[in-house]
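As recorded in Swiss-Prot, the features of this protein are as follows:
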type	residues	note
DOMAIN	125-309	domain 'ATP-grasp'
BINDING	151-207	ATP binding site
BINDING	E280, N282	Mg(2+) binding site
Amino acid sequence: MKLKIAVQMDHISTVSIAGDTSFALSLEAQRRGHQLFHYTPDRLSLRDGKVFARIEEMQVRDEKGSHYSLGEKVRTDLSEMDVVLLRQDPPFDMNYITTTHILERIHPKTLVVNDPAWVRNSPEKIFVTEFADLMPDTLITKDPLEVAAFRKEFGDIIVKPLYGNGGAGIFHLHEADRNLASLLEMFGQLFREPYIVQRYLKDVRKGDKRIILIDGEPVGAINRVPAEHDSRSNMHVGGRAEKTELTEREREICARIGPSLRERGFILVGIDVIGDYMTEINVTSPTGVREVQRFGGADIASLFWDAVEGKRK
């Protein structure tokens with residue numbers, strides 16, 4: 001079964017192929033004989049109820065410096081595609097949200113992965129609060145008095161943008177830190193939205209585990225260890241990836257959230273776990289597929305396309 005697959009992503013020229021999940025998914029789709037097309041979100045249009053994009057046929061190669069070839073741009077009705085991958089990186093802003101509204105017009109006749117309506121309605125740092133008993137103590141607010149009371153209760157805290165990504169804008173504040181008021185003032189100037197405050201988890205020094213789920217089932221994980229003088233474990237900001245296995249607690253977390261992921265049409269999801277606590281459910285453009293395979297884990301790209309092909313039969 002040959003599928004026509006359009007990948008909505010940041011431009012293919014910008015990806016780092018060693019760690020890019022969109023690239024890994026494209027490689028596997030091509031290996032299976034599917035026809036790949038590429039476009040960036042700014043080439044997506046809605047006219048008279050139809051969804052169009054200026055797409056280019058794409059070929060990919062696992063060769064640094066020569067990893068892609070693109071054909072001519074052709075204005076195409078995306079309802080002619082079998083699958084559209086919603087894979088541009090956050091931030092989860094109005095530009096991102098608008099693409100989900102547009103792509104919702106063709107789903108599920110054209111299978112959009114992940115389901116655009118549920119992506120829009122499941123912001124990663126808010127969706128996770130549906131499982132409050134699996135999380136560290138968490139506050140979402142813009143009220144400085146609430147933040148001050150939260151810090152008084154828990155001492156060390158983490159403050160971060162509600163719709164940030166890649167470790168940007170994350171601050172670790174100690175109980176006696178005098179910068180809280182200044183930080184909240186800065187956040188108020190930079191962000192219109194509330195921000196998220198969480199109890200600091202000392203286990204982050206041992207790593208922040210990214211667990212990947214396909215159709216609600218855990219299929220692989222990596223442990224991301226922060227640099228010596230940083231509280232952030234994201235690989236974008238210097239975190240180090242390590243081989244890991246799932247603990248009994250992590251399997252319990254996955255079993256709890258799996259049914260909800262399947263109900264929402266989330267085929268590919270990445271959750272973040274520190275110690276015994278889940279901190280995020282990533283549904284927009286989860287990463288980690290290549291790192292898991294590099295450490296001898298499952299071929300998650302293959303499992304992903306098994307799931308997608310199963311839904312197109």
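Note: Cβ is positioned from N, Cα and C throughout, glycine not excepted.
Swiss-Prot feature annotations superimposed on the structure.
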residue : record              : Cβ contacts under 8 Å, 6 or more apart
R151    : ATP binding site    : I157, L173, E175, L180, V197
V159    : ATP binding site    : V147, I170, F171, L173, L183, L184, F187, Y195, I196, V197
F191    : ATP binding site    : P161, L162, Y163
R199    : ATP binding site    : P136, D137, T138, F154, D156, I157, I158
E280    : Mg(2+) binding site : E124, K125, V128, I271, D272
N282    : Mg(2+) binding site : E124, V269, G270, I271, D272
For F191 (ATP binding site): DSSP state (helix, strand, coil): coil
Collapsed DSSP category at G167 (ATP binding site): coil
Secondary structure at L183 (ATP binding site), reduced by DSSP to three states: helix
